[in-house]
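Asker: Have a look at this one.
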């Protein structure tokens, strides 16, 4: 039985890595995409298996083929065995569905299958008595890797996904496995259980069925719910089935198949009953080595048969008897009498099958060699001669026909024309350039090298297989496991782990921090001992002894303390320190200002450098023997919470008094101004400040779509629901004869229905012309329209200077902002057009450069191909 193990998808969280590993994160994006693809492919299968009541865990072997394909695909190691080129996600492919499930280019496998089937048909037509058409129909071709046989009708015609449902599957979706349709596989599962595969369209064999079924063990004594793929199980108890002897029971542990032969030891007699031996129960019916020798019915002869059971039968010499040649019959001859010869010619057919015995009737067998002279021809037909019938005729001529390989002559003496297959080894160098073809000499291309090379990381946990010959084009996989080499420096417990790697471990980047006797710590990068490095990555180990360093690198001792410290002068002035080595304790004096902190705690002493004698006090602070100057500057501290008002006190220690200055803030609608204490207003939250600034009255701001004011309480931001104004508006017809009262929102809706924006309607014409005129006021409408047309330009000319002179400040400010916006828009459009022009110029130059260098490269490639053809022609001439 297969051993099972729980399958866990790749974890989503990773432990912290060192800086060297973080630099290579961009190289491992394909690995993360591969993990996402495996999660999406196995999701349905794992969910169904986890919800199953079966006690069997998911078999890692079931999913290993698909996982290996994903690892190879994500690392770019998927190659075609025929052309040894990398299989890209957009390349049409075909996969073997028999044993190996290997992936090939569609064009490569089509060419391979046609050549193999044509060669097979040619061989069959040459060796078998069939026509060429029949041989072509019965021709087969083999998978290049597992050599599974396929018929000629199974040559792939089109590019299908792995499950075979979709033709030309897409290759531009990064979240779908390449060469897959992304749908559920739905292929029948192995063992013909009646269920279908639940994975997404995938390479490799479908895993075992995860559904739960009720099944019995092999011996039938235990019934349990099992996964359908593993429903055949053993209860690990004694089988106890009745054996073939119908006497004993099976003593084996519950097992599949038929029970073994019964091995119970007992004493049994042979068939004739003369010998008695201890045998296994399955060997109880045996025959001894003695003859029967029982007296027959005639009473004169004994049975000459071997050990047997039952009656010996009649005497074979009783009844009518004949002479040795069978021509004369003797009746009434006793069984102990000898039948005489008749004297005639024997005339029995000899062993050759053509001639008869020329001797007289005789006892015993006829002569074995027929010596009749006949004219025979050798097998190749080149020699004819009279020889005895028993003698074979062959000549010494060697066959010069070419064998089916087309490379070697037959060279068999006196060949009958049916030359045997070539027995030489092909020994041609395969395309992998590492091995030679081990098959017998053949015609056509050699089969691809079936050897797969495993490329693994340093620890061997992460690996993938590539076809032989492509291993030099691949790098070792990026392993997500941690390096197992423990650091030897003092930072081993705190150092960041790093991933598996080849070669030496990255150096420890932590500071040394080893303490000197002076109290300082070494600030150099860690220079402790380093562990022995891993060997460098190589596919072919060198024959010479490797110089791999197996010993650790010892660390270097810390240098003398290089720490530079500031030594103060005798007055302990902060501006006069000198940089000295830690061990140098020489003191000095300077001419700088004192620089000690004054009692105010904000400023420093400006006296000339003077010595200070300090004495420790009971509180731990130091008392100076000479006092510094008194600070007379005003307070320059920044108040908290922050405000723009300076403190009115002189320079003082501690916090400033709360700011009591009154600040003015207008309400949201601008109707009134509030006065607040600075400390009180700044301590309020943003929400409380908004509430405090509200005047509590109507908003008094004009609505944007009509001539009314906002009815809401003083609020922040824009007025809510300007389209829902509920004020009453007097609506008139064009001649102003008819009038009605409408709600403002209905008036706005009426304007929108007519295609006008309510914002563009002047205040004195708001609601005018919405009512239809009746027949009485049609003439009046015409008069009003003519009057309006005459008066409209004059009104505009008169109103424009009034608006400029007496317009509100907000409107003027708004006009200025709009003018600035128009200028800025023009600048933006100009800059954008310049950028577009530069972009077009750059793209044009790039296209010209690409075209030039492509043309130049094609010329160089053509020259190189011509040189290669010339070299090949020279080699062919040199061979002939």
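Cβ coordinates are placed from backbone N, Cα and C, and glycine is handled just like the others.
Heads up, here are the entries from TrEMBL:
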| type | residues | note |
| --- | --- | --- |
| COMPBIAS | 795-806 | compositional bias 'Basic and acidic residues' |
| DOMAIN | 193-211 | domain 'NF-X1-type' |
| DOMAIN | 245-264 | domain 'NF-X1-type' |
| DOMAIN | 298-317 | domain 'NF-X1-type' |
| DOMAIN | 352-372 | domain 'NF-X1-type' |
| DOMAIN | 405-424 | domain 'NF-X1-type' |
| DOMAIN | 432-451 | domain 'NF-X1-type' |
| DOMAIN | 489-510 | domain 'NF-X1-type' |
| DOMAIN | 600-630 | domain 'NF-X1-type' |
| DOMAIN | 643-661 | domain 'NF-X1-type' |
| DOMAIN | 706-727 | domain 'NF-X1-type' |
| REGION | 1-32 | region 'Disordered' |
| REGION | 795-820 | region 'Disordered' |
| TRANSMEM | 837-855 | transmembrane segment |
Asker: By a Cβ-Cβ criterion of under 8 Å, what residues six or more beyond either terminus of the domain 'NF-X1-type' (643-661) are in contact with it?
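Answerer: Counting only partners 6 or more residues beyond its ends, the domain 'NF-X1-type' (643-661) has Cβ contacts under 8 Å with 599-603, 631-637, 677-679, 682.
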Asker: Can you name the far-off residues of the same chain, 6+ from the ends of the domain 'NF-X1-type' (432-451), with a Cβ under 8 Å from a Cβ of it?
Answerer: 81-82, 84, 112, 115-116, 119, 142, 144-145, 147, 403-408, 421-426, 467-470
Asker: Going by DSSP assignments with H, G and I as helix and E and B as strand, what are the residue counts for the domain 'NF-X1-type' (706-727)?
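Answerer: Summed over the domain 'NF-X1-type' (706-727), the classes give 3 helix, 2 strand, 17 coil.
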Asker: So if I exclude everything within five residues of the ends of the domain 'NF-X1-type' (405-424), which remaining residues of that chain have a CB under 8 angstroms from its CBs? That is, six or more out.
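Answerer: Distant contacts of the domain 'NF-X1-type' (405-424): 127, 378-380, 382-383, 394-399, 440-443.
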Asker: Kindly report the helix/strand/coil residue split of the domain 'NF-X1-type' (298-317) according to DSSP, in that order.
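Answerer: For that range the per-state counts are 0 helix, 2 strand, 18 coil.
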Asker: Over the span of the domain 'NF-X1-type' (600-630), how high is the average pLDDT in this prediction?
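Answerer: Mean pLDDT for the domain 'NF-X1-type' (600-630): 63.
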Asker: Just give the helix, strand and coil counts over the domain 'NF-X1-type' (352-372), going by DSSP.
Answerer: 0 helix, 2 strand, 19 coil
